[in-house]
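Following: one structure in structure tokens, then a few remarks.
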Amino acid sequence: MKLILVGFMGSGKTTVGNLLAQKLGLPYHDLDDVIVETAGKSIKQIFADDGEPAFRQLEHDALKASLADDGILGTGGGTPIQAANFELLKASDVPVVLLDVMPETIIARLKNDTDRPLAQQLGLHGLVDLKGQRDTLYQQVSDFRIATDDLTPLEVVDAISQEGFLKMSFGRN
Ligand SMILES: Nc1ncnc2c1ncn2[C@@H]1O[C@H](COP(=O)(O)OP(=O)(O)OP(=O)(O)O)[C@@H](O)[C@H]1O
Ligand SMILES: O=C(O)C1=C[C@@H](O)[C@@H](O)[C@H](O)C1
Ligand SMILES: [Mg+2]
């Protein structure tokens, strides 16, 4: 991989990752999509049938397999929180960018979402607590942080593109 995006649900990893990959002419890989393809069912269905631990094992296997691929990787919101995944991300020499969001932004972006099982289980305020529990790990795993609350997805792409590591990795802007 050339760049990895991490951040909480609704931070924009999938949206921004797709746009960034398009801009750079690189493939985009979304870890949640890799998991769905491998399992042959939706994330919601994996949680319902097999439980969260089974989902986390699939997620770990997908991360390990994907790191060797070329392109941009958008992780799942919980990916860096699992210790083994945190170690994999820290050990890789791929720049990790944290897309950050304030609680109000998460609530605004996910209020009509029905596909994220944790959002359904915890409710919007439970989600905000979960983000608080995860924030330190998101920060520790990442090389660079962007506060996305007041940026459009394209502005987030521009902010990433302006970073030195991107020029180094891609040799262009
Ligand atoms: N910068 C932004 N400004 C406004 N809306 C955004 C922005 N980024 C993402 N969104 C919107 O927020 C919602 C969630 O975005 P997205 O699916 O990209 O998040 P994610 O980080 O991939 O979440 P998950 O971890 O659950 O996969 C989408 O409806 C998307 O259009
Ligand atoms: O934050 C999380 O733990 C999750 C985020 C999504 O991307 C999915 O990976 C799944 O819904 C779990
Ligand atoms: Mg996503």
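Note: Cβ is positioned from N, Cα and C throughout, glycine not excepted.
In the three-state DSSP scheme, LYS13 (ATP binding site) is classed as helix. Residues or ranges marked as ATP binding site by TrEMBL: GLY10, SER11, GLY12, LYS13, THR14, THR15, ARG116.
The Cβ of THR14 (ATP binding site) lies under 8 Å from the Cβ of ASP30, ASP32, GLY74, each on the same chain and at least six residues away in sequence. If you look up TrEMBL, you'll see THR14 marked as Mg(2+) binding site.
Counting only same-chain residues six or more apart in sequence, the Cβ atoms lying under 8 angstroms from the Cβ of ARG134 (substrate binding site) belong to PHE8, GLY78, ILE81. TrEMBL lists ASP32, ARG56, GLY77, ARG134 with the feature substrate binding site.
Taking LYS13, THR15, ARG56, ARG134 as the candidate binding-site residues, the subset whose CB lies under 6 angstroms from any atom of ligand 1 consists of LYS13, THR15. Other than the site residues GLY10, SER11, GLY12, LYS13, THR14, THR15, ARG116, same-chain residues with C-beta atoms no more than 8 angstroms from the centre of those residues' C-beta atoms, the ATP site, are GLY7, MET9, VAL16, GLY74, GLY77, LEU99, ARG109.
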